[in-house]
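I have placed the structure first, in the form of structure tokens, so that the comments after it can refer back to it.
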Amino acid sequence: MKYMGANELRDAYLKFFEEKDHLKLESFPLVPKNDKSLLLINAGMAPLKPYFTGVQTPPRKRITTCQKCIRTGDIENVGKTSRHGTFFEMLGNFSFGDYFKEEIISWAWEFITKNLEVPKDKLYVTIYLEDDEAFDIWSSKTDIDPKRIFRLGKEDNFWEIGVGPCGPCTEIHFDRGNGTITTVEEFLKASDEDRVVEFWNLVFTQFDKDEDGNYNKLAKPNIDTGMGLERIATIMQGVNNIFEIDTVKNIVAKVSKLSGVNYGDDAVADMSIRIITDHVKSVTMLISDGVQPSNEGRGYVLRRLLRRAARHGRVLGIKGLFLKDVVCAVVENYGEAYPKLKEDKEYIEKIISLEEERFNETIDAGMNILASYIVELEASKETVLKGEKAFKLYDTYGFPIELTEEILEEKGISVDKEAFILEMNNQRQRARSARGESSYMGSDENPINKIDSSINTEFVGYFETEVEAKVVALADDKEMKSELVKGEKGYIVTDSTTFYAEMGGQVGDRGIIISESGEAYVYNTKKNVGGKIIHYVEVKSGNIKKDQKVSLKVEIDRRSNICKNHTATHMLHEALKEVVGKHVNQAGSYVDDERLRFDFAHFKGLTEEELERVETLVNRKIMEVFRVNTNLMTIEEAKNSGAMALFDDKYGDKVRVVSIGEFSKELCGGTHVKNAGEIGLFKIVGESGVAAGMRRIEAVTALNAMKYMEEKEKTLKEACNVLKCTEKDILKKIVSQSTEIKEKEKEILELKNKITSGAEGDILNSAKIIKGVKVISYALKDVDGNALRDLADKIRNKMESGVVVLVSDVNDKVNLIAMATKDAVESGVHCGKIIKDVAAIVGGGGGGRPDMAQAGGKNPENVTKAVETTFDIVEKLVK
């Protein structure tokens, strides 16, 4: 058996199956596309689900991939053992109704024994106990000893998830030990003891399980295989765990160098080194695929990994920021397989540094707080930390709950998780953007989602806005229909259309459908779950019937404006790359007839200078009146030509490349202008943050841009009229007015303070004696919070003994302050309690210490009542 590095193994596997007429696809990004059931890609077949389910047609019936995967279900074990990791690569080959058991079993044996030269006496095979076909193929089509084939039950060798496609599987195992295993019992024992290691699973998807539990044969069975690259690398390199294979070992060495701790010298330190190694590898891959640190979803997974790694850096004695220094080792070892890592290296390091820096600012304080909690729990012999305390660590000090749990576990302490979640839900009141309709039709139950799969609509809208077609299907929300009549809303499918269906951020077209018997307004165009183009209609007159000939006419002006905005979006994307950095990649977009919106990953807001440079660059390119060309080519040709793409999108054999001169080249299925000059004008109207590490630019073009600038010019002229100056002098005038206003405000404040100081005598003379304690409760007008506090402090000092409560009405709001001397507090006075009750009277709230408290209110009409009630409140408190 020859030694092979992980990168060499990856290449060998993919080349082998390419020679077996498989299409090699690049790894899909870790962020799933159009799959809400997954947070992150966690299996080789996960991004190919639409092909297995028939929702989409695969580009080839035979496909092979090496898929990046992340699983965090057992993250607490990562580092503690040398077998667990969050990031792994899954080698796979797939057949969609093409070859089946005989071919894949023969090929698997060929690859393992001939290409990898794994000794046959080190291999065992398991099959499903009822799968005689698999046994016969293994026995007759390979030279494995039949005694090395073991039959196991459903739990081990049958793949199914509820109802739907399923089937038996066969697994190939490597024996690390010596001696021959002769029985199933011996095999299972060796497997439990990690002597025997499964490294390749071949799944035969040949049944469709119904709700009654029946297994019905599929007309076209599929093949889905998975071989963990790290697992086979341990076998080929003769090592026992994933941290010793060549690519990962190099990262371990980097962490050891940074920490000054030799890997293998100390078990506790080794755990920290493994955690940092694994987590930085995962984080690097996630950021490159567009994930940003946040407190939700994928961003939370990223943040959790980063902060766990940062904490273990402290365990190793590393001071300051260090995680970004590990990235270079990841890129060095994975950059050839995933070239985007090299392109994104600086960006990845920047994001990691910013996040580590944020955590660095609070980790020491958080660790001290947590240490105090542990001391309290141990002193009281309790073993559960209150949920609200765990939430404080999360909310104030940035400790992911899992990190708190991990640290406490070392002390034998757990967290009240239910109480933590309750605190989280109570505190989480984030503004969420209103969700509009999906670009796909919603429920699978909608009848239009169940139209005959043989029905296809030819889209001819790239070159035409009108077409004659035939109605092939109609429906409303309840059922398929033979006709739709005046006043009804529903859905129409035709055999050809000029209407673009909402996709890729571009809204669907509007227009009309006319038949000999009626007319319908098309108010939207989308695709159903099967990818069929659906016209959303309201019948305005007569009726529209199935099989009728109809004329479809798109709203030309609206389409024209959409085209201008879509082409401008491509130009904006390229301009951002040139001005801000090559790491800028589209994270989302929205294009309609009025404006465009473009979301992209970037770690900070754009400066005014950057925005100006981006806008100027786009407008200059518009003025160069570049011709906009579209070409069909293979995905490989498109990538080789330098076309930008969202490579998590699923593309067929041919892709559409939109080129704007030599300035921009992107894969795109949308509609565009013929010449960049048609856009006329591009104007950025907004730049904002939409999530951590995610920015949004909004812009307008053509007449909408002119209208926007006209409104700005009108506002400028109105401002000049009010300020009585020219446009040229307006900035100077505003600065002058602002300076003058500040000076006047200063004078007013000084006058107020003089008036307030003059009132000291009246305030002191208003004192009453309550149970031997001097009490002052006094109302003032137009005294702000700071001045009120200074005045209360002066009164308390001059009183020598007692409590003072001052209430001031300022701009329809109420400020309240209470202060007490030490002896008054000893007598039972508590300013926090006083101010809480008094503030409630004026519609506010607040609190504070026994000797000082302040609050605010919103009902100035109750100030007098509040002042009078103060004496009663104090009387109840004084002993």
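Cβ coordinates come from backbone N, Cα and C, glycine included.
What TrEMBL says about a protein is an automatic prediction, not a curated fact.
From the options 525-570, 709-754, the stretch TrEMBL describes as coiled coil is 709-754. One way to see the shell of the Zn(2+) site is to take the Cβ centroid of His566, His570, Cys668, His672; the remaining same-chain residues with a Cβ within 8 Å of it are Cys563, Thr567, Thr569, Val628, Val658, Glu666, Gly670, Thr671. Around Cys668 (Zn(2+) binding site), taking its Cβ as the centre, 24 other Cβ atoms fall within 10 Å, counting all chains. Around the Cβ of His672 (Zn(2+) binding site), 24 further Cβ atoms fall within 10 Å across all displayed protein chains. Other Cβ atoms within 10 Å of the Cβ of His566 (Zn(2+) binding site) number 26 in total over all chains. Annotation for His570 (Zn(2+) binding site): spatial neighbours Val658, Ile660, Ser664, Glu666, Cys668, His672, criterion Cβ-Cβ under 8 Å with sequence separation of six or more.
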